[in-house]
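Peer 1: Before we start, here is the structure in question, set down as structure tokens.
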Amino acid sequence: MNRARKTSSCGCFRSAFCLLKPSTSSASEEHGDSDKKLLSVQLITPRDEEEQTSSRSIKIPPLDLNGLDCKKNAVAARRAGRRRTSEGGGVRGKGHFAEVVLDGLQRPVSLLRNQKEKSNSDDNCQEKEPTSPSSSRKKSYDNAPALESLEKLRYILHQLNSGQLPLEDLKRNIEYAALVLETAYMDETRRICDEDDDLAEVTPETVPDEVREWLAATFTRQNAGKKRDKPKFKSVANAIRTGIFFEKLFRKQQVVQCPIPPEIAELMKEVCTWSFSPFQLNEVSEGHALKYVGFELFNRYGFMDRFKVPLTALENYLSALEVGYSKHNNPYHNVVHAADVTQSSHFMLSQTGLANSLGDLELLAVLFGALIHDYEHTGHTNNFHIQSQSQFAMLYNDRSVLENHHVSSCFRLMKEDDKNILTHLTRDEYKELRNMVIEIVLATDMSTHFMQIKTMKSMLSLPEGIDKNKALCLIVHACDISHPAKPWNLHERWTEGVLEEFFRQGDLEASMGLPYSPLCDRHTVHVADSQIGFIDFIVEPTMVVCGELLVKMVEPLVSLPPTDSLFPPSVDGGDDKSPSNALSPLPDLRNSSTSPSSIRRIPLNYAGKLDIPTPWMKFLHENKAHWKERAAKEEEERKIKEAAEAEAAAKQVEENKENGVTTN
């Protein structure tokens, strides 16, 4: 009866996280060799919640939880589930089948085993000497070990099973889990629909798996994987994504620090600001702005530890990027521009709260894509390459000529062992990262600008979530053209550089007998007017859309309850216990006082409302006002010059007439 009551009271909590717990059905499992135990996995899906009393367990063969790879464990679990289903036992029908993903299960399982043994001993003690709920709860929380994210969730479940978790705390925890799942569901729904729609007409029963995989690989853009590796329940995928969310909050990154000199480290204190000056960094670092921005951000985001990036390989790769960016001695598309776009992308991720909704691989894709997005830029436009029938245009068939070269060359660089910064990524991680980076870099092709804006506006008008990859593409593209949205002293220097690059192309076009490309004739361009038009029709609409998509992606996270409500405070409020023996609460990322240097913070105002910073709007208006003043002066000067020329011409005519009369 006690077990039935416990199962009923925590069913919804288990369904939110698809929690796993060791079976306690036999005495041999309680006292036998732990290496020989069978793990019983209780699967509770939304459909099963109404039939919890009749739900069954899937028996998984003994697994070496200490030495066996987690992915192999997952495959073994899935195979065991299929065998169980085919034999007629376990879950009824296809709709009730769910795969068990055991990734990261090693420590939670061993923890629960220890906790179960401790729970049994505690239960025996309680039979002899009953204690009050408050005192037992205090003792339990004070003696809780310092656990990682998943283990903390397991510990909450253990407290619930043992009846030591207050009902109010349980309610808050369930509300929190539901909100997180709701946030994950928006993106997950779109992703799963994209995966399933392409081959929806070809059911698994009508063709063999091999033929279906060939169809997917040949006639769709989806990355076809083996069928058995694909989750069957959206709830399972949501639970996994929720686990990743908690893991991000709890993870204590042990970052391998890249070497950054003190004077450069001092400048890097401003790397989280929109007004950061890559020009100053380039001067102090003696031309190595890109390398040190790369070092700093790989440190801040923990990529060195998360993806096991070799320090030597990173230094070699960034140095090679700098060589490529300096190849054509461009006044604009150079090392400083690459550092600027990367730092601006970092601001978009870290200071708006967007990083909280992204995985580590997505964060790496954004920053890596920004680092390489103009590698070996020739200083000419795609249209110039097409019109001149350059080697690049021939190679890439006039399609995003430069962008294809940038991304292709940068991945080719990593074929050299001493520059392979992705050597420790799994095959699937590398494939996913490569696909995202290619999409991000190709989206910097200016010919795709209006299509990107139109697509994003359509997504913003719909109630569903935004396609995450398209959002990341637009963010990097916006940062690529964001110099008119920077402080005037930076914007003016960028304008001088880009126009000089245009003028050089115009000079080359004239020497080749080609017509001038727009803004490339140094004798006719009106600088102020060109920048006003660029701001009005390109940059400002892009930044407005960016602000709207950031709000839509981050706003769901604001509705999460205070993270310290996950764990009840000590009964007596004492602090005599060692911190290492107490459960620490989730970091409150919504706190407006959170350090701006944090890459995972949600900007809120004093009223607790989402307040995403948009400093670019202020600078856009200021810079446009500067250009309007300059345009007025240029127009006045032009009129004076034209009047002087007209007066000189009239005077010449008069002189000619006088000379003619005198001659006659």
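In case you wondered, yes, glycine gets a Cβ from its N, Cα and C as well.
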Peer 1: Which of these, Asp467, Asp480, Asp507, does Swiss-Prot list as part of the divalent metal cation 1 site with His337, His373, Asp374?
Peer 2: Asp480
Peer 1: So which of the recorded positions is most packed in, judged by how many other Cβ atoms lie within 10 Å of its Cβ, out of His333, His337, His373?
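Peer 2: The most densely surrounded of these recorded positions is His373.
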Peer 1: Run through the Cβ atoms and count how many others sit within 10 Å of the one on Asp480 (divalent metal cation 1 binding site).
Peer 2: 20
Peer 1: Reduce the DSSP letter at His337 (divalent metal cation 1 binding site) to three states and note it down.
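Peer 2: Where His337 (divalent metal cation 1 binding site) sits, the three-state DSSP reduction gives helix.
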Peer 1: Given the binding-site residues His373, Asp374, Asp480, state which is nearest to His333 (active site, proton donor) when distance is taken between Cα atoms.
Peer 2: Asp374
Peer 1: Using DSSP and three states only, what is Asp480 (divalent metal cation 1 binding site)?
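Peer 2: Once the DSSP labels are grouped into three classes, Asp480 (divalent metal cation 1 binding site) ends up as helix.
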Peer 1: Cβ within 8 angstroms of the Cβ centroid of His337, His373, Asp374, Asp480: which residues besides those meet this for the divalent metal cation 1 site?
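Peer 2: In sequence order, the nearby non-listed residues are His333, Ala338, Val341, Ala370, His377, Thr444.
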